Amino acid sequence: MRPILIGTVLLSVAAAYYIYLPLPSTISEPWKLMFSDGLIRGMMKLSFLAHDLGLTSPFGLAKYYSAWADAKSIESSPSVRVTEASFGGVGALVFESTVAGQEQIFTRGVVYFHGGGWTLGSTKMEPYFLQCMTMAEELKAVVISVEYRLAPDARFPDQYNDVFQASKHILTAEVLGRYSIDPKRVAVSGDSAGGNLAAAVAQQVALDSSIPIKFKVQALVYPVLQALDFNTPSYQQNTNMPILDRPMVLRFWLEYLNGEQKLVPALLANNHTALDQGQEIAAAKAKTDWTKLLPVAFQKSYKPVFPLQGDPKLLEKLPGLLDVRAAPLLAETKVLKAVPPAYIMTCEHDVLRDDGLMYATRLEEAGVDVTVDHFEDGFHGCLSFAFGPFAFSVGRRSLGNYIHWLKENL
């Protein structure tokens, strides 16, 4: 009996450690979030432990577990037909509203890139599958969800190349005609790392003269857009916040850029952008200067973090840190002037909040129409919690706002 009692106490302590997390009173449904985050953190801890033991890649077990969240089968509904397709050699799921063809000759089109830190997730993952089904149904649209390759099998710029190649192939008269998509009503969109890819693709498509058909709008959902400053106010404020904490962002970046995980502490300290790192870094930092780009209300009392001396080898090891295809916030103003109007969703309790807000400012300064949709009770990934038993009110509201904006602007 005593061993059972001791075991129960230890399990209870472990459960409390992983589940209980002090959260701000303004966050949506905190206890439900703690439970969801506890499951995710436990899975990540096991995955990193397996990596430390030399058994798998850092996110290997997490990738295995996340596959359980895939839709059980790719089934159409009475209002949405779902098919598998390939565009430029890149796989995708196509969600076609069956109502659209009855009501109009041509319909809207949305090219969508899922999130997951360039490492996890898929078009078949149930939250993304249900999201795209809902988008196609409510927008009476064709939604093309792109199945780009993931780390560690693919590294930057592979993920970017996949989504750009797919987009370039989709934005042709032949493909759009096949799905009865109006060439003047095509959007590019994505969440988190998918938002990163969507912003980068929107920039390149706008500049590429070989692509005559352009995106009408871009819709970025809590996008990650830069890797030069991991101490913006939102990073400092939300260091340990669910569903994405500060160190986890670094782990994803290093998987994407093919860096060693042992570099996490140096990047967290902003050693790659120290004051002694030269003119190239200084020019790039000006495009991520939150003291000028963030509204004062979001700066609060936080101070910039830039060490006097850093590690010059960090940029040699991670050249992607300064590549606009990986960090769209670093684009030149002349590039931003060419991109389509933008919807940018941000959440108060998200380390990536300031990436989206700074990009909004830079776009507005370049003359681009921008809608910032900020959720005071939101957290990273909340839109994916719009369905099922773990649905959050902010998940349903954020999905509703996002679809409404597309309905009004696409």
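Every residue gets a Cβ built from N, Cα and C, even glycine.
Source: prediction; values computed, not measured.
Residues annotated as domain 'Alpha/beta hydrolase fold-3' in TrEMBL: 110-265, 323-383. The active site feature in TrEMBL is assigned to Ser192, Asp350, His380.
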Which numbers of helix, strand and coil residues does DSSP report for the domain 'Alpha/beta hydrolase fold-3' (323-383)?
22 helix, 18 strand, 21 coil
Mind giving me a neighbour count for Asp350 (active site)? Other Cβ atoms within 10 Å of its Cβ, every protein chain shown.
27
Near Ser192 (active site), how many other Cβ atoms are within 10 Å of its Cβ?
29
Measuring Cα to Cα, tell me the gap between His380 (active site) and Ser192 (active site) in whole angstrom.
8
I need the CA-to-CA distance for Ser192 (active site) versus Asp350 (active site), whole Å please.
11
Which value does the mean pLDDT take for the domain 'Alpha/beta hydrolase fold-3' (110-265) in this predicted structure?
97
Mind giving me a neighbour count for His380 (active site)? Other Cβ atoms within 10 Å of its Cβ, every protein chain shown.
27
